[in-house]
Amino acid sequence: MLYQQDLDAKFYRQWLVRNAVASCKGLIGIAQAKGMGPLDAAAVAVVEELDEGVMPPEEGIAAVETLWASGVLQTAYDENVKSPTTWLPDHAVYYVQQVRDFSDPKFIPTHSQMLLTRSLTVGVNNVAFSDAVDGAYLMAHCPVAAQMLGSEEIGTACKLDWEVIDVGGQRGERRKWMNTLTDALGLIFTFGLSEYAQVLYEDPDTIRMQESMDLFDKWANHQDFSRKPIVVAFTKKDIYQKNFDLEKFKAFFTDFEVEEGKSKDEVAELGMKHIEARVRGLLKDKRKKVTPFFINTTDKEDFFDMLEGLKEIVAKHNNAKIMDAVQRSLDAKKEPGSGMSAQGNMAADVNGGGGSGGCCTIS
């Protein structure tokens, strides 16, 4: 969807329902493990029998609503946020509350709701798309090429061809990364800002932020990236700001200090800068630069801003290719179908499930 693909709304509806049922089961497990209650035993039995891959019957929807109405699941969620013992989707409460709407055959998810879906990435998935290059972009990054082309030609002749390679962030998927990263121009790594208070899907004893930092340390300092640029996407800014907890933040980042008298928003902002500084500090080569982006993962504009930054990296790397393409376009501009394109190849972990960290490549 973010890559301008026409995707089936039905696909996202099915995943929203799957997220709702899985979240309800996860909250039941937390409540039972912590001795919370009372829980309606009949409703619990119905929910536990639901197949997450199938639209729930009315009995299943009613059971989820009954359990949520009791207030126990909300308490379980709050307790897991305070002292995380189980991985839950960031929007677990929303999924459970909306299960009836999601299950309605007439329901068509909005763009924002589509972005809220969460799924584990399995295998390596490729998505290809083209992105137009306007005069301002070409003038900023390839001014000689822009001057060679007339203004009327830039909009029709120039484009970037992207191939996004989506790789899984879960531990079991990482063995596949090396084959993807072999010819990478640079590394794009994702950090969920709220991960300092979350545990891994695969290992509830490991904090996700620690896992992400360990992965960044390994890949950013890998010999194959010694001379290549690094981009860090700090995601889930909205969730981080909403749920910022200074006590838990300092429990993980024990070196974080803040003056008294600052507001929660001010402290959260300082926290983001601290996370960025800690990530930069993992680089063994202190001359190496990191390009950071702080994004709300449900905001298209944030993603487009990051995409503009990636375009700059692609332009610098492909300057010679772009010049060659411009020349070929000029030589054949009267022929049907002529044009020019530069190519950007990315491998990405969307980090939608419980895995930690993620990496991309551009070539």
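Positions of Cβ are set from backbone N, Cα and C atoms, glycine also.
Annotation note: S119 (GTP binding site) sits in a coil segment as assigned by DSSP. Neighbour density for S119 (GTP binding site): within 10 A of its CB lie 13 other CB atoms from the protein chains shown. Among the features that TrEMBL reports, GTP binding site is placed at L115, L116, T117, R118, S119, L120, T121, D166, V167, G168, G169, Q170.
If you look up TrEMBL, you'll see T121 marked as Mg(2+) binding site.
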Neighbour tally for L115 (GTP binding site), based on other Cβ positions within 10 Å of its Cβ: 17
Count of other CB atoms lying within 10 Å of the CB belonging to T117 (GTP binding site): 21
